[in-house]
Amino acid sequence: MLTCYGVELASRLFLGTAQYPSPAILADTVRASGTEVVTVSLRRETAGGASGGRFWELIRELGVRVLPNTAGCHSVKEAVTTARMAREVFATDWIKLEVIGNHDTLQPDVFGLVESARILSEEGFSVFPYTTDDLVVAERLLEAGCKVLMPWCAPIGSAAGPLNVRALRSLRAHFPDTPLIVDAGLGRPSHAAAVMELGFDAVLLNTAVAKAGDPAGMAHAFAGAVEAGLEAYRAGIVEPRETAVPSTPVIGQAVFS
Ligand SMILES: CC(=O)[C@@H](O)[C@H](O)COP(=O)(O)O
């Protein structure tokens, strides 16, 4: 079980709700993924334009927990205000905090992120900060009150997969007891398996599933990959070597007559 802010989760796959062709496909996808947490933007359109009451009703029917997000916010003021509104609308203290600093890369403004995280943590929010893979920023976020970190592995929507495995490894090594959820940039199930094999606790993704030819099928594939990666990490992965090592030890010599 993964525990985030005191809530136990069996599924290690968090899903975004944007860009699906229709609300029905979103619903099928959420079910196929087995996810227990979906992230919802207060500011952006959700599946197929479903909005307001209709969208809320759909989420309720699916029985999943909502992680509201501040997607589209570019300043501390915007992010904090959006988080406060999300708390009212979705009746939860959970917030996926995004403060975007660059239009091209959608890279987080880590200074604004830390400041917003501090304000919101002091107000009792359970903050899930969307951050880079920078170690020092991660430390500052923990000092600001975050109990979970969400480092990217590549820019949002890029589907590029883990770009800096060393940095991800380093984060895992430095924060062994903090739930680390890779958020953004995963493009295919093997990417999800790869970060879970590094010991990450969960993944959050949207584009790779919502934009797939068959979103429900892709979500199911991601769910399997996340489980496989987790199981492999727990089982103890053999590290790569520079030289060959015979996998079959030879005792004595074969005798041919
Ligand atoms: C939906 C959401 O929160 C995104 O901002 C998130 O970061 C997912 O990124 P991908 O679309 O790259 O999976």
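Note: Cβ is positioned from N, Cα and C throughout, glycine not excepted.
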1-deoxy-D-xylulose 5-phosphate site partner of Ala184, Gly185, Asn206, Thr207 (as recorded in TrEMBL), chosen from Gly157, Gly224, Gly229, Gly236: Gly157
Where Thr207 (1-deoxy-D-xylulose 5-phosphate binding site) falls in three-state DSSP terms: helix
Alpha-carbon distance [Lys96 (active site, schiff-base intermediate with DXP); Asn206 (1-deoxy-D-xylulose 5-phosphate binding site)] in Å: 14
The one of Asn206, Thr207 whose CB sees the fewest other CB atoms within 10 Å, among these binding-site residues: Thr207
Among Gly157, Gly185, the most crowded of the binding-site residues [Cβ within 10 Å]: Gly185
